[in-house]
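Undergrad: The structure that follows is given in the form of structure tokens.
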Amino acid sequence: MMDRLQKILTTLTFLTLLAPWPLVAVAQSDPTPDAPVEASEEEAPSTEPQPRPAEAYNQGVDHFEAGDYSAALAAFNQAIALDPNFARAYLYRGLVYSEQEAWAEALPNLTRAIELAPTDAVAYFSRGVVHYRRGDLAQAEQDFSEALLHDPNYAKAYVFRGLVAREQDQYALAIEDFTAGINQAPELSDAYVHRGSTYALMEEYQAAVSDFDQAIELDGQRADAYQGRGVARYHLGLLEGALEDLNRAIRLKDDMPSAYLNRSYIYSAQGRPMRALSDLDQAIELRPDYVEAYLNRGLLRARQGNLQGAMDDFDTVLQLDPEAAVAYRYRGNARMEAGDALGAVADYSDALFIDVNDAVTYKLRGDARWAIGDRPGAIADYSQAIDIRPGYLEAYEARGQAFAALEEFQRAHDDLTRVIRGDTQRMDPDVYFGRGWVRSQLGDITGARADLERAAALYLETGQAEGYRKTLDLMRQI
């Protein structure tokens with residue numbers, strides 16, 4: 001009876017592409033310059049000088065532009081008290097609240113500004129930004145479209161509407177809007193950054209690099225543009241250029257956790273795991289709830305043989321996100337490698353409770369069930385993995401080896417033949433050895449010898465001395 005090979009996933013996967021990009025400034029100018037409102041020449045009836053609404057408003061604008069939001073808010077409050085129909089004062093008061101991320105206060109002010117000035121594109125845009133930041137994408141899209149209806153040249157409205165489309169995975173629409181924004185304002189580096197990141201999500205990495213190049217040419221201090229270009233170069237296999245870009249991004253902004261995470265992928269690809277771990281440590285220090293960093297550090301720790309450290313990281317992920325099915329899967333892998341097959345079955349089962357269509361986890365649970373002696377459960381899991389992903393050759397191989405061990409030779413032969421025919425590139429000697437042994441049991445000695453000769457050659461080519469000796473021993477027996 002043959003031994004089954006347990007294959008544990010410990011490779012580092014690229015879990016995130018790019019961190020969210022900083023938002024474009026909320027307080028965009030009007031299509032015409034927003035000059036201070038002139039005060040009326042008419043004298044106030046009071047014997048003491050009283051501020052006019054326009055004066056209070058102008059003071060508020062000055063404070064707002066200086067970043068003194070408390071003073072700005074007080075001035076806009078005064079302007080509105082003096083003139084309850086002062087649309088621009090409501091707009092700017094909404095912008096103050098937006099800058100303070102007080103969305104519940106910003107929204108009614110911006111809505112009132114729109115009620116008083118229903119053709120004001122800036123008011124619609126500003127309210128759209130609030131909806132976007134609150135996650136109300138439908139309302140955000142409606143407001144950005146309304147802003148563009150009143151001002152078709154409003155570049156930032158195109159950019160934000162593109163962001164809404166991208167969040168909804170409508171990448172082609174996002175590209176269209178970002179391009180429209182660029183056409184209206186070729187100097188707008190945000191539009192190039194966002195379009196570049198969208199191209200990267202579409203795996204059009206060369207186009208992404210071109211956009212990040214343009215963003216950097218417009219503003220050489222944009223850490224996010226260097227980070228984006230570095231990620232795109234990573235995917236193009238340009239590791240040295242990618243590393244230079246991530247290094248530059250970190251020099252420009254050394255408190256950006258996503259840059260350390262992304263640089264860790266490059267170090268890992270270069271075979272420098274300790275530097276990768278150091279970057280992941282830094283990402284976690286900067287952002288203690290960074291799920292992706294814990295996941296990737298756990299994977300790297302597992303590859304380094306630090307299984308307890310890996311499981312600790314996956315535990316942290318599950319504390320932060322109990323619905324992270326991938327963390328259960330990775331922890332199950334670590335448990336398998338540590339010899340805890342029963343614990344691995346429990347983790348894989350938890351992962352499948354969250355994601356019932358994960359073919360890989362069914363295959364892995366099949367491996368774990370086989371390890372604890374649950375033969376029918378293992379075969380059922382392999383079959384489920386194949387049902388979900390009909391071309392899943394690793395699941396066919398595992399099921400074929402399981403059938404062989406259970407002496408269901410014809411079924412084993414069929415599965416292993418499917419693997420050999422379906423993957424001419426991999427040329428796994430274990431598969432040829434397995435089918436050779438199965439053929440010998442079915443009485444096909446000629447076919448068995450052909451498979452075993454192929455297995456022996458592949459074992460020899462790959463330096464697997466034990467497999468080579470095992471194959472020669474079996475050939476002598478048949």
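Think of each number as a place in line: the chain as shown, counted from 1.
Glycine is no exception: its Cβ is also placed from the backbone N, Cα and C atoms.
Any TrEMBL annotation is an automated prediction that lacks curation.
Pulled the feature table from TrEMBL, pasting it below:
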type	residues	note
REGION	29-55	region 'Disordered'
REPEAT	53-86	repeat 'TPR'
REPEAT	87-120	repeat 'TPR'
REPEAT	121-154	repeat 'TPR'
REPEAT	155-188	repeat 'TPR'
REPEAT	189-222	repeat 'TPR'
REPEAT	223-256	repeat 'TPR'
REPEAT	257-290	repeat 'TPR'
REPEAT	291-324	repeat 'TPR'
SIGNAL	1-27	signal peptide
Undergrad: In the same chain, who gets a Cβ under 8 Å from the repeat 'TPR' (189-222) while lying at least 6 residues past its ends?
TA: 17-18, 21, 24, 155-156, 158-159, 162-163, 166, 171, 174-175, 178-179, 181-182, 228-229, 231-233, 235-236, 252
Undergrad: Tell me, roughly as an integer, the mean pLDDT over the repeat 'TPR' (155-188).
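TA: Reported value for the repeat 'TPR' (155-188) is a mean pLDDT of 98.
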Undergrad: Can you break down the repeat 'TPR' (87-120) into helix, strand and coil residue counts using DSSP?
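TA: Split by secondary structure, the repeat 'TPR' (87-120) comes out as 27 helix, 0 strand, 7 coil.
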